[in-house]
Every structure is written in C-alpha cells, then in structure tokens.
Amino acid sequence: DLFQFGGMIGCANKGARSWLSYVNYGCYCGWGGSGTPVDELDRCCQIHDNCYGEAEKKQCGPKMTSYSWKCANDVPVCNDSKSACKGFVCDCDAAAAKCFAKAPYNKNNIGIGSKTRCQ
C-alpha cells in the first residue's frame, strides 16, 4: 500500500528525503500523470504508474494492497512471493524506491504538473 511504499522510499534513500518530497514532482510523481517525463526521477514515477496500471489490470488494488517487506542494507526486499497481487505490487514499489534513490532530485521540477510541460 502507499504507506509501505513511503517506508520503502525511506529505506532506499537512507532517510535522506521523505516520500512527501515526491508527491508533486515532475509530470508523473503523485496522482496521475501525462506528457513526457521531465527527468530521470520523473521517469521512475512514470514506470511506477505503469506498473500500478498493470496491477489494476490483474484486479489488484495497488494503492491499498498490503504486503510483507523488509529493509536490508538500504534495499527494500519483498517477502510475499506466494501471493500474486501482494508480490506484484511489492515489486512495483521496491523497484520505484530503488529508482528514486539513484535519480537526481531537481527542486525546479516540483509543482510543474499543471504547466504545459506535462500536456
């Protein structure tokens, strides 16, 4: 679920940035998304959005699906491989958290979602 995703983000970036920092970033971080991603971090969010879209096609409610995971050496690790939905959603979130941790964060890309760059 989204709270667990927030925990994974903190795990992967060693607590350097809260998940709230990503809510209104670029064209894809936060609710919805459109246009061309503005940078690598926004591309991570687009990939995560697409992954959630695939989860919804599988009848998994990704925003509300709880799963089991742990933080091992600053890497989120999923434990729910037996449940198709839980495992899929956990993998989406873990991949995005790792992607966020590697991508540069550009403060100039906060709050641009309503601008023409995201049309």
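Each residue, glycine too, has its Cβ placed from N, Cα and C.
Binding of Ca(2+) is annotated in Swiss-Prot for Tyr28, Gly30, Gly32; the matching candidate from Asp39, Asp49 at the same site is Asp49. For Cys118, the cysteine that Swiss-Prot lists as its disulphide partner among Cys11, Cys27 is Cys27. Candidates considered were Cys51, Cys60, Cys71, Cys78. The record in Swiss-Prot pairs Cys90 in a disulfide bond with Cys78.
The disulfide bond recorded by Swiss-Prot for Cys99 reaches one of Cys44, Cys45, Cys51; that cysteine is Cys44. Between Cys85 and the candidates Cys45, Cys51, Cys60, Swiss-Prot records the disulphide bond with Cys60.
Asp93 (active site) has His48, Cys51 nearby among the recorded positions Cys27, Tyr28, Cys29, His48, Cys51, counting only those with a Cα within 10 angstroms of its own Cα. Taking the C-alpha positions, the distance from Cys71 (disulfide bond) to Cys118 (disulfide bond) comes to 34 Å.
Separation of the C-alpha atoms of Cys45 (disulfide bond) and Cys78 (disulfide bond): 19 Å, rounded to the nearest whole number. Under the DSSP three-state reduction, Cys99 (disulfide bond) is assigned to helix.
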